[in-house]
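Among the features that TrEMBL reports, Zn(2+) binding site is placed at A:Cys143, A:Cys146, A:Cys156, A:Cys158. The ATP binding site feature in TrEMBL is assigned to A:Lys331. Annotation source TrEMBL lists compositional bias 'Basic and acidic residues' at A:536-545. Annotation source TrEMBL lists domain 'TRNA-binding' at A:577-679. Residues or ranges marked as region 'Disordered' in TrEMBL: A:536-565. What TrEMBL records for A:12-22 is motif ''HIGH' region'. Sequence annotations record features per position, and here TrEMBL assigns motif ''KMSKS' region' to A:328-332.
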Amino acid sequence: MTRRLLVTAALPYANGPIHIGHLVEYLQTDIWVRFQKLRGNRCLYICADDTHGTAIMIRARGEGRSEIELIEETSEAHQRDFAGFGIEFDHYGSTNSEENRTLCHQIWQSLRDANLVVQRSVEQLYDPEAETFLADRFVRGTCPKCGTPDQAGDNCNCGHTYSPTELIDPVSTLSGATPVIKEAEHLFVELEKLHDFLSEWVSNSGALQPETANYLKGHFLAEELRDWDISRPAPYFGFEIPDAPGNYWYVWFDAPIGYIASTQQWCNANGEDLADWWKSDDCEVHHFIGKDITYFHTLFWPGMLKTAGFSLPTKVHIHGFLNVNGKKMSKSDGTFVKAETFLKHIDPSALRYFYATKLSSRVEDLDLGVEEFVEKVNSDLVGKVVNLASRVGKFASRTGLAPSYPDDGGLFQAAAAKGDEIAAAYEEGEFSKAMRLIMELADAANPFVEHAKPWEMNKDPERQDELRDVCTVALNLFRQLAVYLAPVLPELANKCGDLLGEPITSWEQSQTPLVDRGVNKFQRMMDRVKTEDLEAMMEESKDEAAQETDAAATNPFNDSDQPLKDEPLADEITIDDFMKVDLRVARVLSAEHVPEANKLLKLTLGLGGDETRQVFAGIKAAYDPEKLVGRLVVMVANLKPRKMRFGLSEGMVTAAGPGGEEVFVLGIDDGALPGQRVH
RNA sequence: GGGGCUGUAGCUCAGUUGGUUAGAGCUGGGAACUCAUAAUUCCUAGGUCGCGGGUUCAAGUCCUGCCAGCCCUACCA
């Protein structure tokens, strides 16, 4: 029975080029879609550029042009890159389209009608790091009544209740940042009102991998769902909220709606009805995404769809990240490879196949080992699969295929019988299993040719019929492999079709051998991947990264806007406020690891003379304790001591950066003395 | 600290509801062949199935404890 499937891959952000990390997802999706089409299902592969948000706005301004110009250029580049890897969308749109605007309005109205939107302009603690308002339970601090530290946002063990804004020394439990009191008009979606529905959907719909369902149940659904801050004040590149002038939808509102809008555009162009794809029980909706955006696609998005009466995802396929040689992609290592750069050096089929051998239905990171890549592609594809055709190609173009399929010892039948199992593996997203099964077939096929010795037949005019039979078997076994591999290697399927004069269009072609026809002149189907090519590719990637760094260095005004975006400026203070903070130069007298803490170092800081302070600092990932000893740092010296699980912390070392390994402790120029105050 | 996943030959991985001498591919060693992109074929080497307990007639497979790695989450005053 023919199924109808609407498939999406996440919308790439229109702020940068596609790289090999992105390609995991678009290739995984492309393979799955091609498989569905090969099986005869009606399947649409929908994607679009995600074009809104502050980053696009800032970048366009920096480049002195309009956002529209920027996103159009990026869209072209993205589509060119995808096409280069054989990724075939049925439609590639943009979130900055009239169709999307209309759908946003429509879905917004549904949220309004369902009474899920609230406007708040309360004084509330706001976490500048996490960029979110903090509900009571996400703030802890010292009780204003009894002085007990580390109490909940709304009440203390002493029985006193209060508002979180009354807390002394409040801390965000989300980021650890000090919350600021902020007044703003924001619109919120009260997701909690959909809690029952979401719990039910997460647990029972079958749309999520078990590990994802568990994650959501444990982290979000176990407690009250936070309101979703869905508006951003001007200036913002996006869609203005119709009933809240001066406010724009947060990019994560209109981005997933882009899936529907892009489908709408396809429908318009093809005379189809959107409802058949997004509001029909007969149509499956499949999202492929990375693990980083799980939250948006499994809570907010189903909530929006449900409320607006669209189909819920049949399945959300979540994949992990790409590592290269066991490490995160890195610009300085040359492993941060752009799609465009890859294509200059290596056949995209190689990457398609390699990813296929690595992908499963689970949320696991996958590793591209350079050695493994070369070995696997060469030995599997060139040595086994292509070789099968190559070794009889020359003979076959002379003999053609036999009138009826000869005895092959049951090889073709056995491989045909494997079809269902291979198909099931594709269907479940277990591509690595599918590839393994297919290679088993290839391993069985080559010995047939070996033992038949067609080269001997070739020399004997009496044995030309035998030779033709061997060619018929070898080429049919090859074609069978080409059909099974067609979702992964469409180019190979095309070349096989050309060779035998019948294009590969259906999975069913793997079940019946081709006979009684000519064979075209054999043409080389795939080249071996050379380690030198990979090395050259990574060299070039390294150079590109270096050039970007140079460009940034020669242009001091080209600093990224990311840090400010991550942590917006705090509210204005007076000089008196500033003077309350006593910053002092201090020398690191000792530094040691705290065994139980993952991120903390225990420091003893000297302020001159015998004056010392013990301070815990979250810089373990970035600094070696030994190398800190003797250094001068700047500390907050009059901070109220704070009892931590590991001991008392009597101050704070100043540092910048987002955290982890990216932490940079403030130093001071030579000449400063421990104990001196920073004014 | 909490949650999850993984740990099987040098490498990448299979091992179905527990059942005879634990498998494949690649790599290594030896040989054959020459149709093929130094491809292929045959033979061969190589594993206390992370470690320790337990259940069982029988455990890589189930239970439990520990160890290691990865991911998520928290601490980062």
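Just so it is clear, glycine is given a Cβ too, placed from its N, Cα and C backbone atoms.
Counting residues per DSSP class in helix, strand and coil order gives 8 helix, 46 strand, 49 coil for the domain 'TRNA-binding' (A:577-679). Only residues 6 or more beyond the boundaries of the compositional bias 'Basic and acidic residues' (A:536-545), in the same chain, are considered here, and those with a CB under 8 A from a CB of the stretch are 331-338, 341-342, 344-346. Summarising the environment of the residue listed as 'ATP binding site', the number of other Cβ atoms within 10 Å of its Cβ, over all protein chains shown, is 15. Per-residue confidence over the domain 'TRNA-binding' (A:577-679) averages out at a pLDDT of 81. Per DSSP, the compositional bias 'Basic and acidic residues' (A:536-545) is made up of 10 helix, 0 strand, 0 coil. The residues of the motif ''HIGH' region' (A:12-22), classed with DSSP into helix (H, G, I), strand (E, B) and coil, number 3 helix, 2 strand, 6 coil.
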